[in-house]
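Feature annotations, courtesy of Swiss-Prot:
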{"type": "TRANSMEM", "residues": "17-37", "note": "transmembrane segment"}
{"type": "TRANSMEM", "residues": "42-62", "note": "transmembrane segment"}
{"type": "TRANSMEM", "residues": "68-88", "note": "transmembrane segment"}
{"type": "TRANSMEM", "residues": "98-118", "note": "transmembrane segment"}
{"type": "TRANSMEM", "residues": "143-163", "note": "transmembrane segment"}
{"type": "TRANSMEM", "residues": "166-186", "note": "transmembrane segment"}
{"type": "TRANSMEM", "residues": "189-209", "note": "transmembrane segment"}
{"type": "TRANSMEM", "residues": "228-248", "note": "transmembrane segment"}
{"type": "TRANSMEM", "residues": "255-275", "note": "transmembrane segment"}
Amino acid sequence: MFESLWLQLQHPNTQWVLAGTLLLGTASGVLGSFVLLRKQSLIGDAMAHSALPGVCLAFLFTGQKSLPFFLLGAALAGLLGTFCIQLIPRLSKTKEDSAIGIVLSVFFGVGIILLTYIQQQGAGSQSGLDSFLFGQAASLVRQDIILIAGISAVLLLLCIVFFKEFTLITFDLAFAKGLGIPVRFLNGLLACLIVCAVVIGLQTVGVILMAAMLITPAITARYWTERLTGMIIIAGITGGVSGVAGTLLSTTMKGMATGPLMILSATLLFLFSMICAPKRGLAAKAIRLMRLRRRTSREQVLLAIYEQYEKNNLCVTVESVRKKRRLSPSLCLKALNDLEQERCIERIENGIWQITSKGIEKGYHTALKQRMYEVYLMHEMELANIESDQDYFDPDRLPRETRERLYSLLKLYGRMPERRKASHDAEKGQIANEF
């Protein structure tokens, strides 16, 4: 397999296709980042479907299969579709998503009708226009690939030159207008770049799948970073890798189109990112949720033990803790073992624990934090200027006046935690009445 792949890579046409799909994937990923952040993912799909009638009309007017004419016709049809998407909501009460659906289906339907008409003509069956539906990179010749690679390189260059301006109109359009930046021109330029990226991918990826090539690398990159620069770089790399992987797979798998394999490669990278990304991935979220659940159960068990300590019941069991907190036996036992490892409690008999001096101190602060938060919720209108999230509520960071006010309310309600220390000898001999 590897020997045949190596032999295929020595072929000049394979090398040109690899270079073309690499640049196409990179340009699609970079521009797709702006499309995703501007919440215009469906517009890319509509542009791709709108391009089909332009390809068919270009063939009808020229009578020959010429990729430059096809790209020109597809670009004009894509721009017309984009204009219609923006025009329909202005002239009617139709929302933008409905306008996208209308334009997508109407243009694609017209394209299918024209494609069927062409293939019923004498030379239509030889035109190969059906390759624009799903893509057929193997049918590209050297001149076609040079054209696609050249346009992709120009798109990347323009994205680099106008990076600051595109970033500004993506995140804060009103601020850009206030600075006197030509927003309308930049929006039009970005739309033209997106149309060009869609158009040059039609012969390789196809009308139906090109939107996925535009969006999937951007979504993949979003899992790995919070910064736009990093997102664009990762999206470009993801798109390029997907293009190369799809080309290599189609080279080794006879009869398989390059476009679907490129999308499949991008989808696999997306699934890997969705699961394994360090911050946004499902695995990382599951680990954080598990740690949060374990920390919360540990705090709840410590609070239950501390409340027993305030009532002079120094020893606890799993059942006595579960009477105070609704926890499963396994989770409660795990929390008790964690507290024992932290030296907040110590085991005096099998299944019986007692609180230590460290546990008293930690339980005091935990109880104080929770009870102050409860009092804050009772007087939220009076104390509305402090952090309202319990996870970030820290009494030590509160203003002195606010903290003293909460202390006085705790004393008023009799909820102030006790900080007394019991003698260790007395603790060892005392067992709670529940046992």
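Just so you know, glycine gets a Cβ as well, placed from its N, Cα and C.
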- line: Checking 98-118, 143-163, 228-248 against the transmembrane segment (17-37) for Cβ pairs under 8 Å, the most are found for 228-248
Message: Using a threshold of three or more Cβ pairs below 8 Å, and leaving out pairs closer than 6 in sequence, do the transmembrane segment (98-118) and the transmembrane segment (143-163) count as in contact?
response: no
Statement: Counting only residues at least 6 beyond its ends, the same-chain positions whose CB falls under 8 A of a CB in the transmembrane segment (68-88) are 43, 46-59, 61-62, 94, 96, 99-100, 102-104, 107, 132, 147, 151, 191-192, 195-196, 198-200, 202-203
- line: Across 42-62, 166-186, 189-209, 255-275, the most C-beta pairs under 8 Å with the transmembrane segment (98-118) come from 42-62
- prompt: Which one of these stretches, 166-186, 189-209, 255-275, has the most C-beta pairs shorter than 8 Å to the transmembrane segment (42-62)?
  reply: 189-209
Statement: Near the transmembrane segment (189-209) in space but 6 or more residues beyond its ends, with Cβ under 8 Å, are 20-21, 24, 27-28, 31-32, 34-35, 43-44, 47-49, 51-52, 55, 67, 70-71, 74-75, 78-79, 82, 108, 111, 131-137, 139-140, 144, 147-148, 151-152, 155, 158-159, 162, 166, 169, 257-260, 262-263
Message: Please report, as numbers and ranges, the same-chain residues at least 6 past the borders of the transmembrane segment (166-186) whose CB is under 8 Å from any CB of it.
response: 34, 37-38, 159, 228
